[in-house]
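Student: Heads up, here are the entries from TrEMBL:
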- 56-239: domain 'Glucose-6-phosphate dehydrogenase NAD-binding' (DOMAIN)
- Arg93, Glu135, Phe136, Lys200: NADP(+) binding site (BINDING)
- His230, Lys234, Glu268, Asp287, Lys390: substrate binding site (BINDING)
- 241-536: domain 'Glucose-6-phosphate dehydrogenase C-terminal' (DOMAIN)
- His292: active site, proton acceptor (ACT_SITE)
Amino acid sequence: MARNNAGKQPAISEEAHVAAAAVAATATTAEAYDQNPLRDPRDKRLPRVAGPCVLVLFGVTGDLAKRKLLPAIYDLGNRGLLPPGFSLVGFARRDWAHEDFAQVTYEAVKEHARTPFREEVWKQICEGIHFCPGEFHDDGAFDVLAMMLKEIDETRGTGGNYAFYLSVPPKFFPTVIEQLKRTNLAKAPEGAWRRVVIEKPFGHDLKSAQELNAITSAVFPESSVFRIDHYLGKETVQNILALRFANTLYEPIWNRGYVDHVQITMAEDIGIGSRAGYYDGIGAARDVIQNHLLQLLALVAMEDPTSFDADSLRREKEKVLKAVRLPEDLGTGTARGQYTGGWQGGERVIGYLEEDGIPPESKTDTYAAIKLEVANRRWAGVPFYLRAGKRLSRRVTEVAVVFERAPHLPFSKDDTEILGQNALVIRVQPDEGITVRFGSKVPGTAMEVRDVSMDFAYGESFMESSPEAYERLLLDVLIGDPPLFPHQREVELSWQILDPIEEYWAKHGRPDGYPAGSWGPSSADAMLARDGRVWRRL
Ligand code: BG6
């Protein structure tokens with residue numbers, strides 16, 4: 001680990017520098033991967049490794065850094081996927097030395113890393129850890145950061161390749177981006193790269209998203225901007241593409257001729273925790289429907305891309321988002337709720353309005369349900385029902401494609417009364433897998449038919465556990481591989497879908513209450529009941 005404070009030469013062992021720089025100078029990424037002594041030769045799932053580089057993390061004291069980002073860096077290292085000389089620079093308003101940040105990282109890794117702790121991996125990562133104390137508006141701190149990066153290039157062979165990860169509230173984006181411009185850090189010298197990673201929210205409506213983008217794109221070219229929607233990093237979400245485009249089984253029935261409707265659910269059992277400052281005024285629809293759920297919808301509804309490169313994939317997703325139509329009556333085609341006190345997991349929990357930092361008159365939705373249509377030849381007339389909420393009965397995210405009923409049943413009514421509709425359910429989390437539901441004969445002398453399920457579970461079919469979404473996305477940033485990052489056009493199209501709904505809600509009353517631990521407000525059930533349907537019971 002580097003020692004002492006910002007601007008000083010980090011004290012890293014001489015041999016480590018020499019070895020790292022030597023490998024970095026000569027190795028291709030594939031060679032670097034092969035030469036890495038920590039590489040697991042059985043690990044074929046992510047056999048890609050970035051070239052030498054530095055990851056600069058703004059917002060290292062935040063929850064995301066602690067729970068996801070720092071552990072993901074360790075997990076990548078543990079799997080031999082970090083380049084030799086890889087360095088991590090934390091930037092925050094803390095009076096820390098490099099050692100303090102290393103200690104914070106160590107604790108985050110110990111508590112949240114997915115892969116087992118290995119001293120030798122930690123040691124290697126630790127050698128590249130640096131900290132730069134400062135505030136975002138402080139020119140001096142950014143000058144120190146620029147110096148520090150230059151020194152790291154010299155000592156660790158990172159070649160001027162920097163990724164700047166903005167894990168900070170959006171109000172700070174302009175200042176940080178302006179500082180990166182002022183210090184010339186945004187501009188890559190010949191043969192090097194500079195990338196910026198932005199965490200959602202990308203604005204809170206179309207206008208603010210455009211403003212934010214104008215700030216970013218004035219400094220970084222679009223190809224250097226990586227917008228994180230962590231759902232796209234989830235294995236189960238990428239598997240939607242595999243399921244649809246690597247198989248012949250589903251394509252013939254993946255359309256309005258066979259699909260009755262689609263339900264996309266993101267249910268969380270947690271409340272807002274300590275995130276009142278972010279969440280209030282944002283709400284469930286802006287927090288997760290605008291991004292995660294609309295991305296899921298796009299992946300389920302899109303046509304096959306000509307390849308999985310970023311342009312082809314994004315183009316197909318954009319076509320879907322452009323084809324999305326809102327219900328004519330937003331009053332009956334949407335529902336929103338706000339949790340009240342209740343019971344969850346055997347414990348009494350407080351309501352949203354009692355949470356710390358929430359104004360008593362807040363109208364923020366903690367539950368949102370929206371009915372959408374994708375107006376194209378494949379999907380016209382098929383409703384896509386999206387719902388998301390906090391403090392629901394359990395944590396589950398899934399996409400359920402529900403098929404039409406059989407047009408004719410040659411059975412007596414008694415035999416088939418409880419028969420439901422065929423469904424294909426992509427279980428995104430926590431019980432990752434796919435379920436197919438269909439009717440089957442109950443053993444016996446009568447022709448009694450009942451619904452049964454056929455299951456694929458990741459845990460049973462594959463030996464290894466899935467990488468965390470942030471592991472995959474961080475690796476893609478360092479490699480410079482953009483397919484799993486939404487383009488600004490997708491962000492804007494998604495706000496165009498949501499803005500009219502938010503405007504309608506703002507003018508019409510307040511969210512309906514629903515008790516914590518329930519499945520949301522009755523208005524959401526009524527929304528489906530009007531269409532003769534019910535939400536899946538999860
Ligand atoms: C984030 C939202 O994008 O996703 C949070 O801001 C939410 O409110 C989180 O809790 C859920 O992520 P996951 O991966 O646990 O489903």
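Each residue, glycine too, has its Cβ placed from N, Cα and C.
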Student: Need one number: mean pLDDT over the domain 'Glucose-6-phosphate dehydrogenase C-terminal' (241-536).
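Tutor: A mean pLDDT of 95 is what the predicted model shows over the domain 'Glucose-6-phosphate dehydrogenase C-terminal' (241-536).
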Student: Across all protein chains in the structure, which of the binding-site residues Glu135, Glu268 has the highest Cβ count within 10 Å?
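Tutor: Sorting the candidates by Cβ neighbours within 10 Å, the top entry is Glu268.
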Student: Report the binding-site residues (Arg93, Glu135, Phe136, Lys234, Lys390) that meet this criterion: Cβ distance to the nearest atom of ligand 1 under 6 Å. Use sequence order and write none if nothing qualifies.
Tutor: none
Student: Taking each of the recorded positions Lys200, Lys234, His292, Lys390 in turn and counting other Cβ atoms within 10 Å of its Cβ, which one has the fewest?
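Tutor: The recorded positions Lys200, Lys234, His292, Lys390 were compared, and Lys200 has the fewest Cβ atoms within 10 Å.
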Student: Distance check, please: Cα of Glu135 (NADP(+) binding site) against Cα of His230 (substrate binding site), rounded to an integer number of angstrom.
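Tutor: Computed Cα spacing between Glu135 (NADP(+) binding site) and His230 (substrate binding site) is 27 Å.
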Student: In the structure shown, with every protein chain counted, which of the binding-site residues Arg93, His230 has the densest set of Cβ atoms within 10 angstroms of its Cβ?
Tutor: His230
Student: Which number gives the other C-beta atoms within 10 angstroms of the C-beta of Asp287 (substrate binding site), all protein chains shown included?
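Tutor: Excluding its own Cβ, the number within 10 Å is 24.
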Student: For Phe136 (NADP(+) binding site), which residues in the same chain are close in space, meaning a Cβ under 8 Å from its Cβ, but six or more apart along the sequence?
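Tutor: The answer is Phe58, Val168, Phe172, Thr175, Val176, Gln179.
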Student: Which state, by DSSP, holds His292 (active site, proton acceptor): helix, strand or coil?
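Tutor: Helix, per DSSP.
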Student: Can you give me the Cα-Cα distance between Arg93 (NADP(+) binding site) and His230 (substrate binding site) in Å, rounded to a whole number?
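Tutor: Here the two Cα atoms lie 26 Å apart.
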Student: Out of the binding-site residues Lys200, His230, Glu268, Lys390, give me the one sitting nearest to His292 (active site, proton acceptor) by CA distance.
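Tutor: Sorting the binding-site residues by distance from His292 (active site, proton acceptor), the top entry is His230.
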